[in-house]
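Q: The following block contains the structure, expressed as structure tokens.
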């Protein structure tokens, strides 16, 4: 009995105390909240491509205006620096609450845009808040999950993120065909199906904010900030929430971890944080992970944002009586026929395009859930996804069967699975004080490259389609080589 008393009164290391909390309901709740927010952010970004296509006639959009609007969700990259810094100095929970709630407000207001300028402004402001939640959920989930479950949980959250595309296309399949139209005299607009679709897409952000309100701050963040007593209370709450009795919790005090923070002073200023990432011993890993994240994000995001448009073109070529043409040839022919046509735009997507979006999303969700079982093989998974994407980009050009081209065009989005592997490396290889900024900065770069890729594709796809896919394939293969050097 005396031995137990001595053991109870000793100071525990944070790692040992965290293991005591176990694994149960609280962890499932954290996973559910982070997955919901991840889905909400993806809806705000990629579902917007469907919104723009559906609103093109109602708002009388030109091709250039559609391109600008489609790339606008990536403008949130400009605020990755301050969001990462805010999360590392003020807390993960507070940052998530702020980003999701304000993102929801501007997403809701964007549904009532009177012109494309207002829609662009609301989308940029809203995504400047909401997109920060994606990287912050990775950090928060990683710090609230045991080592043995962390990789699997991040893969599951990424699977839910991929499921958001299925949700977006599913909602579009149901909502966009509605023909209702309610005048809003105060704004001189008509509330119709695409506005309802846009409004529904932002609702998960609001629910995610409410969900986060019921959770606790990351105990790892509190402990490393020096709030040992508060961290201990959170650990005790987790212990009880996971099905144990409060009096059974053996930890009475935590060993101070403030010294660890002093060795790597990332939280003093934003500038010091950034410098810390780009000097030894983190320099090589930062460059390596940032390059890989740029590749996985840009290839997946660029294809996802152009997916409705490209597939609609290909399916139109299939329905025509012309001979089979390659993927790129169908795009060129559509551009020529569009310039010579006076037919009014319908503002809708073909049923085949929407169903293809649902099927593609479902495929990647199932694949990612299967990959989650192999979370310990994350390097091999990352390399495999990049190699498959590279081969797919080549096959898009080589094949002349439209359906086969559509399949490989869809399969090239597999790099999204690799992003989950990279995210887990950020959690494992960086100190706690840098885990908010490092992935935020990495995804900021990924969004910047994605933004550039979306605009570049729009301006060059007609005349340089083959070059775009050959370049994408080359970059994907180079990424597989860089991934080989990961631990």
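Placed from the backbone N, Cα and C atoms, the Cβ positions cover glycine too.
Those TrEMBL annotations? Automatic predictions, nothing curated.
Feature table excerpt (TrEMBL):
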DOMAIN    30-487  domain 'Major facilitator superfamily (MFS) profile'
TRANSMEM  30-55  transmembrane segment
TRANSMEM  61-83  transmembrane segment
TRANSMEM  95-114  transmembrane segment
TRANSMEM  120-141  transmembrane segment
TRANSMEM  153-176  transmembrane segment
TRANSMEM  196-215  transmembrane segment
TRANSMEM  289-307  transmembrane segment
TRANSMEM  354-374  transmembrane segment
TRANSMEM  381-400  transmembrane segment
TRANSMEM  406-429  transmembrane segment
TRANSMEM  441-461  transmembrane segment
TRANSMEM  467-486  transmembrane segment
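On this model, are these features tucked inside or out on the surface, and what's nearby?
A: For the domain 'Major facilitator superfamily (MFS) profile' (30-487), the model gives a mean pLDDT of 82.
Residues 29-30, 32-33, 36-37, 39-41, 43-44, 47-48, 50-51, 54-55, 93, 96-97, 100-101, 103-104, 107-108, 110-111, 126, 130, 133, 168, 171-172, 175-176, 178 of the same chain lie 6 or more positions beyond the ends of the transmembrane segment (196-215) yet place their CB under 8 Å from a CB of it.
Away from its own ends, the transmembrane segment (289-307) comes close to residues 45-46, 49, 70-71, 74, 165, 357, 360, 382, 385-386, 389, 409-410, 412-416, 418-419, 422, 425-426, 429, 438, 441-443, 445-447, 449-450, 452-454, 457-458, 472, 475-476, 478-479, 482-483 of its chain (Cβ-Cβ under 8 Å, at least six residues beyond either end).
Cβ atoms under 8 Å from those of the transmembrane segment (354-374) belong to residues 152, 155-156, 158-160, 162-170, 172-173, 307-308, 311, 315, 380-381, 406, 410, 413-414, 416-417, 420 of the same chain, restricted to positions at least 6 beyond its ends.
Listed as Cβ neighbours of the transmembrane segment (381-400) (distance under 8 Å, sequence separation of 6 or more from its ends, same chain) are residues 292, 295-296, 299, 324-328, 371, 374, 408-409, 411-418, 421-422, 465-466, 469-470, 472-474, 476-477, 479-480, 483-484, 486.
Remote same-chain partners of the transmembrane segment (441-461), defined as residues 6 or more beyond its termini with a Cβ less than 8 Å from a stretch Cβ, comprise 63, 67, 70-71, 74-78, 80-81, 84, 131, 134-135, 274, 277, 289-290, 293-294, 296-299, 301-302, 305-306, 331, 422, 426, 467-468.
Same-chain residues lying 6 or more positions outside the transmembrane segment (467-486) and placing a CB less than 8 Å from one of its CB atoms are 288, 291-292, 295-296, 299, 328, 379, 382-383, 386-387, 389-391, 393-394, 396-397, 412, 415, 418, 425, 456-457, 460-461.
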Q: Any chance you could find the range in 95-114, 120-141, 406-429 with the most Cβ pairs under 8 Å to the transmembrane segment (30-55)?
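A: Ranking 95-114, 120-141, 406-429 by Cβ pairs under 8 Å to the transmembrane segment (30-55) puts 120-141 first.
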Q: The transmembrane segment (406-429): which same-chain residues, six or more beyond its ends, come within Cβ distance under 8 Å?
A: 138-139, 142-143, 150-151, 154-155, 157-158, 161-162, 282, 285, 289, 292-293, 295-297, 299-300, 303-304, 307, 310-311, 314-315, 327, 356, 360, 363-364, 367-368, 371, 375, 378-379, 381-382, 385-386, 388-389, 392-393, 395-396, 399, 435, 438-439, 442, 472, 476, 483, 486-487
Q: Grab the same-chain neighbours of the transmembrane segment (153-176) for me: Cβ-Cβ under 8 Å, and only residues 6 or more beyond its ends, written as numbers and ranges.
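A: Counting only partners 6 or more residues beyond its ends, the transmembrane segment (153-176) has Cβ contacts under 8 Å with 27, 31, 34-36, 38-43, 46-47, 50, 54, 134, 137-138, 141-142, 145, 193-194, 196-197, 200-201, 304, 348-349, 351, 354-355, 357-358, 360-362, 364-365, 368-369, 371-372, 375, 416-417, 419-420, 423-424, 427.
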